[in-house]
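Working notes, structure below.
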Number of protein chains: 2
Amino acid sequence: MSDQTAPTTAAGEPPTAAARGAESAVGAAEPTRARGEQTRQLILETALRLFRERGYAQTTMRAIAKEAGVAVGNAYYYFESKEHLIQEFYRRTQAEHLARAAAPLAAETDFAARLRAVLHAGIDVLGPSHAFAATFFKTAAEPTSPLSPFSVQSSEARSDAIGLFSEVLEGSRAKVDPELRPDLPELLWLAYLGVILYWVHDRSPGQTKTRLLIDGAVPLIDRLVALSRLRVLRPITAQTMQLIKTLRH
Amino acid sequence: MSDQTAPTTAAGEPPTAAARGAESAVGAAEPTRARGEQTRQLILETALRLFRERGYAQTTMRAIAKEAGVAVGNAYYYFESKEHLIQEFYRRTQAEHLARAAAPLAAETDFAARLRAVLHAGIDVLGPSHAFAATFFKTAAEPTSPLSPFSVQSSEARSDAIGLFSEVLEGSRAKVDPELRPDLPELLWLAYLGVILYWVHDRSPGQTKTRLLIDGAVPLIDRLVALSRLRVLRPITAQTMQLIKTLRH
DNA sequence: ACCGCAACTTGAACACGTTCAGAAAGGACG
DNA sequence: CGTCCTTTCTGAACGTGTTCAAGTTGCGGT
């Protein structure tokens, strides 16, 4: 990205921006990404850095703008609100989670081991951000927020995540009650949300307790899944599945 | 402040304030309740009314003060922050929950029926506030918030709530694995928190789905509790209890 | 009556997230 | 070049929660 024989349209700057093209008309409120792509990135990078350095609440929009060398209003041109800067954080976190989970998923076939690896990978990624992430995860808990994992806006991220747990299941040699199987990935995702919820509240140094939670819960889930085919438990399994179907939208 | 014949001490105003007395020195940051008790009540009543009428976010501190006929600063003399007004809402809700649960608990001895009644009573109390309660329950999800159900500040409310579920269990003729029994009330309370979490996100009219959740989950819990004594499940029970003990502070 | 002190009350001022009317900066077309 | 239009950018201004130095009030002691 340093040479100057850059062809046709190039000013030689946006190397990544080349990979645009397929601007799917999802129809969100975002400005049609073009010249300002660089500015957008600059603001985003600055914001995330400051969040990490000072915490979310302690980072003012004015500080972000100043540090990025733009006016406050400009930040609002690219991001609807301070919260929407977080959304980008989620996106990155999610992407890295997928990336880190890839290796163990390729290597392992045992269901419990796969699940355990994916859960740990998630916390691995989140880990360094615990201090500031915890303070805004509350926003995600608000039902009306677009950041809620159940919201329409995050449906893409959600299905990505659920897809990850689908792969956990499919790549394994676990035997699962056929009635349970189609819904299990979503349940595992819910369990993952539970882990995150615990992680957010986890005050132990290095959040080691969350690790214990994962290591403790995975065998239980594994056994429960196996037992779901047992005669004594079949009715409970069926009943549970029935309830879940009722409660889902 | 208009007439001048004001006699010695009496303006004839504080009839309720007479019932003070036992000012237990808990030593919180609250101002020593005395003359201002009336003002405090006035502000609180006004605030809760406005919350209900306009919603939490739409109610400004200025509006509360104006409506109550005091200065903004005065509201902050009695309540540390806008959020602390919510805390009072919790307290009342909790008290009414206890009150409403009393009757069914006195009448019923079946564990499932008792649990079901208590859960429904909770939602009964919360019901009318769904519109505005949902918007600030997020605050409770924040780990650092004093409103968090896990915080030190709400330990009294917490133990009250857990006590309610203790009574659910003790007043029943349920047979429970002795290893599980001492911790079951807390687990039931956690389940109740889960119900509330669902309720907050419940968009169905009248939150009927939450009712379905209760009616569906109670039999499952009931059966699970019963099964906990079963041979096949004993190891799982034990393992689960072990995990929970590890994870608790 | 007066003093002194603590309880209470005030409203201007602060910092923050957000909005908005308007500049600047490109670029396409003549 | 000039004209027009869209994209990008600006900073003052608004409404909010919260703070604070300064006032007022009521009461016990003299």
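Glycine is no exception: its Cβ is also placed from the backbone N, Cα and C atoms.
The annotation DNA-binding region is assigned in TrEMBL to B:60-79. Positions annotated as compositional bias 'Low complexity' by TrEMBL: B:1-30. Sequence annotations record features per position, and here TrEMBL assigns domain 'HTH tetR-type' to B:37-97. Annotation source TrEMBL lists region 'Disordered' at B:1-37.
Same-chain residues lying 6+ beyond the ends of the DNA-binding region (B:60-79) with a Cβ under 8 Å from its Cβ atoms: 31, 36, 39-40, 42-44, 46-47, 50, 54, 85, 88. Along the domain 'HTH tetR-type' (B:37-97), the predicted structure has mean pLDDT 94. Residue counts for the domain 'HTH tetR-type' (B:37-97) under DSSP (helix as H, G, I; strand as E, B; rest coil) come to 49 helix, 0 strand, 12 coil.
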